[in-house]
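Asker: Encoded as structure tokens, here's the structure I'll be asking about.
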């Protein structure tokens, strides 16, 4: 089969596309979604076993949706800005640093939510101990950044539960280090967008 495909490059490309579209991507997406659905259960079990009952405040459905949208806005803007910076030549060290903070945020987010912290408090917590969270997320970022595309994302999905559990069990330094406004630009952009939308709706 392989010699035939080599003789007909167009057929080879069609087979490759069919393999990716009909098999690899669906299996990859299914596994990724399944893993994502398992993360909250893992985090909740570990938190309850090590720190007791959850302290998350009871929010109304509307308030909970608003908080999630705000959180998604900030993270989305952060990722977009990181992607824009990645276009700049020789920006790899900056990207790894930004990814380290982002991955740390993802890993500690379950813990902060279970402790009843809002998104603004979560951001404040990370920025006040930015060096600690940079160090925490750096190994994760280096490992995933070293591999391309699907492989890197697959490794991320495998390693995330390990780092998430480590975040739940870790003892965060009580003495704040030098504050670094990691999320100042995403927060500002999101605030401006939300003000603009609310003024139009109102």
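A Cβ is built for glycine as well, from the same backbone N, Cα and C atoms used for every other residue.
Because the structure is a prediction, the values reported are computed rather than measured.
So TrEMBL lists these for the protein:
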type: TRANSMEM; residues: 20-39; note: transmembrane segment
type: TRANSMEM; residues: 69-88; note: transmembrane segment
type: TRANSMEM; residues: 94-114; note: transmembrane segment
type: TRANSMEM; residues: 130-147; note: transmembrane segment
type: TRANSMEM; residues: 153-170; note: transmembrane segment
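Give me the structural setting of these features: burial, nearby parts and distances.
Answerer: Tertiary neighbourhood of the transmembrane segment (69-88): same-chain residues 94-95, 98-99, 102, 105, 119, 123, 183, 185-187, 189-190, 193-194, selected by CB-CB distance under 8 Å and a gap of 6+ residues from either end.
Same-chain residues lying 6 or more positions outside the transmembrane segment (130-147) and placing a CB less than 8 Å from one of its CB atoms are 92, 95-97, 99-105, 107-108, 153, 155-156, 159-160, 163, 166-167, 170, 172-173, 177-180, 182.
With a threshold of 8 Å between CB atoms, the same-chain residues lying at least 6 positions outside the transmembrane segment (153-170) that come near it are 28, 31-32, 35, 38-39, 42-43, 46-47, 50-51, 103-104, 106-108, 110-111, 136-137, 140, 143-144, 147.
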Asker: Under an 8 Å Cβ to Cβ limit, what residues of the same chain, 6 or more beyond the ends of the transmembrane segment (94-114), are close to it?
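Answerer: Hits for the transmembrane segment (94-114): 39-40, 43-44, 47, 51, 54-56, 75, 78-79, 82, 85-86, 121-122, 125-126, 130, 133-138, 140-142, 144-145, 160, 163-164, 166-168, 182.
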